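These come from TrEMBL:
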BINDING   Cys38, Cys41, His42, Met82  heme c 1 binding site
BINDING   Cys136, Cys139, His140, Met181  heme c 2 binding site
DOMAIN    26-105  domain 'Cytochrome c'
DOMAIN    115-204  domain 'Cytochrome c'
SIGNAL    1-23  signal peptide
Amino acid sequence: MKNLLSVATAVSLWLVIIAPAQAAGGNVAAGQAKAAVCAGCHGADGNGGADPLWPKLAGQDPDYIVKQLIDFKEGRRKDPIMAGMAVPLSAADMKNIGAYYASLKAKPGAAKDAQLAGLGEKVYRGGNAKMGVSACMSCHGPSGHGIPPRFPKVSGQNAAYANKQLLAFKAGTRANDGETMTRMAFRMSEPEIKAVSEYMAGLH
Ligand code: HEC
Ligand code: HEC
């Protein structure tokens, strides 16, 4: 019994250590080399750059990163900067880049406005039943770490970036989400969007 337990512990430890870097089947070192051009905006450690509209990628789910790069390349997600960055990348490059950013450690962020974050917490944890908005944590997890491979990490992300994405989902100008986020954001008010973005920035 004791042996069985230690085997089980060893296997689960192995999964915890090995799984994140390999989830997308990418090569971290090759990804790091390809990501040299990305560092100017996303940070040498993946924790973002000078502009809060440049998202943090450190610790993000590798499959989500790959999906976004494909969507930018094929025009399903529109951004003039990222379209140009994604076009030259091959499928293998994307996998490697996903594995690289997933392997980096996310620095915890912070909510700057505690009152605003408090309002956001209500939406994040409880949704808005009257408006038909689901609790964000049901897909993004109670601590915002996401549920791979479908639901991205939102914890510690720059509030300005999250706010911009939620407004884009609301307006339908970002619609690469299989209608999960667009439907929900459509029913959210702009103050709710601002508040929940502030709250997510402080999650870790
Ligand atoms: C000049 C700045 C800049 C450079 C260089 C850049 N990016 Fe970006 N990246 C952005 C911006 C801005 C966004 C957010 C676009 C939006 O608002 O939808 C973004 C978004 C992303 C996203 C989506 C993140 C998410 O949470 O959905 C990924 C993945 C990404 N970039 C990867 C890369 C990779 C890989 C490279 C290098 C090959 C790169 N970027 C180079 C500015 C940049
Ligand atoms: C039913 C599941 C589900 C629920 C509930 C949900 N989301 Fe999402 N969310 C998603 C999926 C799926 C994506 C990724 C879409 C894509 O592939 O581009 C996403 C993406 C996002 C993004 C963009 C992340 C990035 O890095 O660009 C933000 C921000 C976000 N969600 C916030 C929220 C908030 C706030 C709520 C609660 C009001 C919420 N989500 C509720 C499924 C969900």
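Each Cβ is built from the backbone N, Cα and C atoms, and glycine gets one as well.
Just so it is clear, the model here is predicted, and its values are computed rather than measured.
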Where the C-beta lies under 6 angstroms from ligand 2, the matching binding-site residues among Cys38, Cys41, His42, Cys136, Met181: Cys136, Met181
For His140 (heme c 2 binding site), what is the tally of other C-beta atoms lying within 10 angstroms of its C-beta? 20
Near ligand 1, which of the binding-site residues show up if the criterion is a Cβ under 6 Å from one of its atoms? Options: Cys38, Cys136, Cys139. Cys38
Would you kindly give the Cα-Cα distance separating His140 (heme c 2 binding site) and Cys38 (heme c 1 binding site), rounded to the nearest Å? 25
Between the Cα atoms of His42 (heme c 1 binding site) and Cys139 (heme c 2 binding site), what distance do you get, rounded to the nearest Å? 25
On the 0 to 100 scale, where does the mean pLDDT of the domain 'Cytochrome c' (115-204) fall? 97
Far apart in sequence but close in space: which same-chain residues, 6 or more away, have a Cβ under 8 Å from Cys139 (heme c 2 binding site)? Ile147, Arg150, Phe151, Thr180
Under 8 Å Cβ to Cβ from Cys136 (heme c 2 binding site), same chain, six or more residues apart: give me those in sequence order, or none if nothing qualifies. Val123, Tyr124, Arg125, Gly127, Val154, Val196, Met200
What kind of secondary structure is Cys136 (heme c 2 binding site) part of, going by DSSP in three states? coil
Restricting to the chain of Met181 (heme c 2 binding site) and a gap of 6 or more, list residues whose Cβ falls under 8 Å of its Cβ, or answer none. Leu166, Phe169, Arg174
